[in-house]
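**Student:** Got a structure for you, questions after.
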Amino acid sequence: MSVGERDPFTGHQTTGHEWNGIKELNTPVPKPVYFFLITLGIFALAWTLLMPSWPYGSGYFKGLLGVDQKEVVAKSVADAARERAGWMARIEKEDLTQIQSDPDLMRTVRENGLTLFGDNCAACHGANAKGNKGFPNIVQSPMLWGNDPETVLQTVTAGINGTDPNTRVSQMLAFGRDGTLTQDQVSLLAGFVKSLSGPATVTDTNKEDVAKGKELFATTCVACHGDDAKGLVEVGAPNLTDDYWIYGGERKDIYESIFHGRQGHMPSWGARLTPADIKIITLYVLDLRKEGGTTAAAGGGS
Ligand code: HEC
Ligand code: HEC
């Protein structure tokens with residue numbers, strides 16, 4: 001078939017290509033395509049003239065509009081710094097309850113607290129602050145040293161068994177290892193302690209042992225854990241009747257706690273973070289506890 005043949009139906013010439021009897025028509029490029037090409041060309045030209053574009057020896061063409069992205073960034077950084085200085089000053093100055101009652105400030109606390117907590121606390125307490133074995137759940141469990149905001153701030157600042165001169169000091173003695181109690185006695189105590197949060201573990205066969213454990217508890221443990229075993233904030237001794245365990249609530253974990261003792265170490269943050277950052281983290285934790293919905297039940301024991 002030859003080039004230039006005309007299609008009788010459309011009137012277009014053919015290109016001369018033919019596939020299995022189907023011939024290709026030589027139709028013109030659609031007008032909208034030209035339109036787009038021309039518009040784009042004009043736009044590109046205008047953009048290079050208006051905005052910073054072509055580099056030359058010692059600089060670049062700044063554009064007729066004089067837009068400078070560096071200035072824009074510098075300005076937004078300066079704005080952010082000014083804003084930060086504003087709320088930082090308030091965090092430094094105001095006391096915890098004042099800050100808590102300001103929803104705007106608390107929004108800032110939440111944003112910044114999340115990062116600060118992630119960087120400093122999550123390694124031990126977990127990203128959600130609900131703890132890991134050996135590191136307490138600080139969202140839901142009662143605070144060993146007391147719940148009110150200033151007390152928690154003090155705990156975080158000074159640490160527990162930390163390096164700060166004001167650190168909180170606590171120790172669960174190693175009753176078995178030190179030979180104060182025999183293995184059997186430790187075992188009886190573990191059975192009794194377990195029964196406090198799990199009454200169902202008391203059966204007809206072990207109820208005498210649990211009673212013996214209770215007697216031992218009354219003579220050996222109440223000084224720190226309290227007559228009702230609900231803990232004493234004065235010595236940071238935990239409530240043994242609830243479902244929150246720092247070191248695990250299985251009978252064998254409890255046995256270990258009593259036999260080998262425990263001495264949790266919480267760093268003294270006063271030496272590592274600014275007072276304002278510690279305030280933010282503390283408020284952030286207290287806020288999580290509010291959301292956790294268990295603040296009312298918490299009381300560090302007695
Ligand atoms: C190196 C691990 C570690 C890191 C990091 C850590 N903690 Fe702790 N934290 C502990 C341990 C262990 C305890 C429990 C101490 C005990 O058993 O007496 C604790 C206890 C606490 C308590 C409970 C105090 C109470 O009265 O019961 C709070 C609140 C707390 N930490 C907050 C924080 C905050 C906020 C950070 C980050 C700034 C942080 N912790 C970082 C190990 C850590
Ligand atoms: C000198 C005070 C003191 C005495 C006495 C004491 N405790 Fe403790 N006990 C503590 C402290 C403080 C802790 C928390 C240690 C920590 O978190 O690092 C603790 C922790 C525990 C734990 C672990 C709790 C958990 O959440 O994992 C158990 C179980 C326990 N004690 C049982 C006993 C029993 C049983 C006795 C009596 C034989 C006893 N304690 C006597 C201070 C004491």
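Each residue, glycine too, has its Cβ placed from N, Cα and C.
Feature table excerpt (TrEMBL):
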type	residues	note
TRANSMEM	33-52	transmembrane segment
DOMAIN	108-197	domain 'Cytochrome c'
BINDING	Cys121, Cys124, His125, Met266	heme c 1 binding site
BINDING	Met172, Cys221, Cys224, His225	heme c 2 binding site
DOMAIN	208-289	domain 'Cytochrome c'
**Student:** Which one is closest to Cys121 (heme c 1 binding site) in space, judged by CA to CA distance, out of the binding-site residues Met172, Cys221, Cys224, His225?
**Tutor:** Met172
**Student:** Enumerate in sequence order the binding-site residues Cys121, Cys124, Met172 whose Cβ-atom distance to ligand 2 is under 6 angstroms.
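**Tutor:** Only Met172 meet the Cβ criterion.
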**Student:** Met266 (heme c 1 binding site): which of the binding-site residues Met172, Cys221, Cys224, His225 is the nearest Cα neighbour?
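**Tutor:** Minimum Cα distance from Met266 (heme c 1 binding site) across Met172, Cys221, Cys224, His225 lands on Met172.
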**Student:** Go through the binding-site residues Cys121, Cys124, Met172 and pull out the ones with a Cβ less than 6 angstroms from some atom of ligand 1.
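**Tutor:** Close enough to ligand 1 are Cys121, Cys124.
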**Student:** In this structure, which of the binding-site residues Met172, Cys224, Met266 has the fewest other Cβ atoms within 10 Å of its Cβ?
**Tutor:** Cys224
**Student:** Write down the Cα-Cα distance for Cys124 (heme c 1 binding site) and His225 (heme c 2 binding site), rounded and given in Å.
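**Tutor:** Distance between the two Cα atoms comes out at 25 Å.
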**Student:** Tell me the coarse DSSP state (helix, strand, coil) of His125 (heme c 1 binding site).
**Tutor:** helix
**Student:** Can you tell me the CA-to-CA distance separating His125 (heme c 1 binding site) and Met172 (heme c 2 binding site), as a whole number of Å?
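**Tutor:** Answer for this pair: 20 Å between alpha carbons.
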**Student:** Indicate the candidate from Cys121, Cys124, Cys221 with the smallest number of other Cβ atoms within 10 Å of its Cβ, considering only these binding-site residues.
**Tutor:** Cys124
**Student:** Mind giving me a neighbour count for His225 (heme c 2 binding site)? Other Cβ atoms within 10 Å of its Cβ, every protein chain shown.
**Tutor:** 24
**Student:** Give the sequence-ordered set of same-chain residues, not counting Met172, Cys221, Cys224, His225, with Cβ within 8 Å of the centre of the Cβ atoms defining the heme c 2 site.
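**Tutor:** Near the heme c 2 site, beyond Met172, Cys221, Cys224, His225, sit Val222, Ala223, Val235, Ala237, Leu240.
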**Student:** How many Å lie between the Cα of Met172 (heme c 2 binding site) and the Cα of Cys124 (heme c 1 binding site)?
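**Tutor:** Checking the Cα atoms of Met172 (heme c 2 binding site) and Cys124 (heme c 1 binding site) gives a distance of 20 Å.
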**Student:** Roughly how many Å lie between the Cα atoms of Cys224 (heme c 2 binding site) and Cys124 (heme c 1 binding site), rounded to a whole value?
**Tutor:** 25
**Student:** If you draw a 10 Å sphere on the Cβ of His125 (heme c 1 binding site), how many other Cβ atoms land inside?
**Tutor:** 20
